[in-house]
Amino acid sequence: MSQNASVGIVMPQKIPFEMPLVLENGKTLPRFDLMIETYGELNAEKNNAVLICHALSGNHHVAGRHSAEDKYTGWWDNMVGPGKPIDTERFFVVGLNNLGGCDGSSGPLSINPETGREYGADFPVVTVKDWVKSQAALADYLGIEQWAAIVGGSLGGMQALQWTISYPERVRHALVIASAPKLSTQNIAFNDVARQAILTDPDFNEGHYRSHNTVPARGLRIARMMGHITYLAEDGLGKKFGRDLRSNGYQYGFGVEFEVESYLRYQGDKFVGRFDANTYLLMTKALDYFDPAADFGDSLTRALQNVKAKFFVASFSTDWRFAPERSHELVKALIAAQKSVQYIEVKSAHGHDAFLMEDEAYMRAVAAYMNNVYKECQQ
């Protein structure tokens, strides 16, 4: 497996949809755009397409670089590319930025066609079901009747799961990684605290901060810092930073003293420079609302009854945000519904963020599963 290979320089595409999209909350987007990137080639049978669904802070830029000078590759470059687990020499891979995002798809930074101004806080709350509906429109646009696989980690895994329920005939395989069939009470609480940090920032201006030439940087920074802590494992964080100080002794003040504090401030500042606060609010609400069993008498097994897809489910031993027990819930429901499922729990010291990292056992498991997906494409 060539982990050094790359898809190279890639160019995003903005796909316009001049059609209304009725959302789960009853509101309608009169039109919408989806920003996408594609890697590899769609075969003549159009049966080798793979959709990558992103997590809270992800986007369409899954792999490669936008220019030779680009310092960073896409957020899942170690997973997607030539000879990698999701092999672009075999598959036509599609990444997109979801509705409500801040990287080119319709969202708070977009122009509201009804007012001629940015949506800002007026962009409607969207759900995982809404995203899947818009992704189905994208599949139609690309001429893809059925995805060979839909792959996602965390919030992305929720989208993969919802696809199998909303459009059972259009998905052959779903890879649900470091995810859950619904958020725990604790996770909903974490999301609310993060939102409160943003909503109570004096620069938030009821979500119309850009028209006031302000940014709720303090609130968004705190939200990201808190979130980042939950994505890491205690032991991994301890091994990386311990109680190391930036100077030789305590300063007996409230500035940055510990190395871990410096790291979190850096992560918060970096996030503020690339992400929109209204988008953060929308993404966390989509997480909170996801609960496919709710439409089936709170029975996940019943929700999965009409699913046609085969499943690959992966969790990570030290992930406490989306603990292995949450994946077990999905696996047990799939078995009860008599569906095909393969499961792996990966031993890792990296917590929830492990799904983004290069772990040999994890990568080999995904590669082996995707190899079987490819064999199906050849039949």
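Counting starts with 1 at the first residue shown.
Cβ from N, Cα, C; glycine included.
The model shown is predicted, which means the values in this text are computed figures rather than measured ones.
Sequence-distant neighbours of Ser154 (active site, nucleophile) (same chain, six or more apart, CB under 8 Å from its CB) are Ala55, Leu56, Ile177, Ala178, Ser179, Phe322, His352, Phe355, listed in sequence order. Per Swiss-Prot, the feature active site, nucleophile maps to Ser154.
If you look up Swiss-Prot, you'll see Asp319 (among others) marked as active site. Asp319 (active site): 27 other CB atoms within 10 A of its CB, across all protein chains.
His352 (active site) is surrounded by 24 other CB atoms, counting those within 10 A of its CB over all protein chains shown. The active site feature in Swiss-Prot is assigned to His352 (among others); the stated evidence is sequence analysis.
For Arg224, Asp353, the entry in Swiss-Prot reads substrate binding site, with the evidence type sequence analysis. Take the CB of Asp353 (substrate binding site) and look out to 10 A: across all protein chains shown you find 21 other CB atoms.
Residues or ranges marked as domain 'AB hydrolase-1' in Swiss-Prot (evidence: sequence analysis): 48-357.
When secondary structure is read from DSSP and collapsed to three states, Arg321 (site 'Important for acyl-CoA specificity') falls in the coil class. Sequence annotations record features per position, and here Swiss-Prot assigns site 'Important for acyl-CoA specificity' to Arg321.
Cα separation, Arg224 (substrate binding site) to Arg321 (site 'Important for acyl-CoA specificity'), rounded: 14 Å. Counting only the Cα atoms, the space from Asp319 (active site) to Asp353 (substrate binding site) is about 8 angstrom. Long-range Cβ contacts of Arg321 (site 'Important for acyl-CoA specificity') within its own chain (separation 6+, distance under 8 Å): Asn187, Phe190, Thr230, Tyr231, Gly351, His352. Ser154 (active site, nucleophile) carries neither a helix nor a strand DSSP state and counts as coil. Arg224 (substrate binding site): 22 other CB atoms within 10 A of its CB, across all protein chains.
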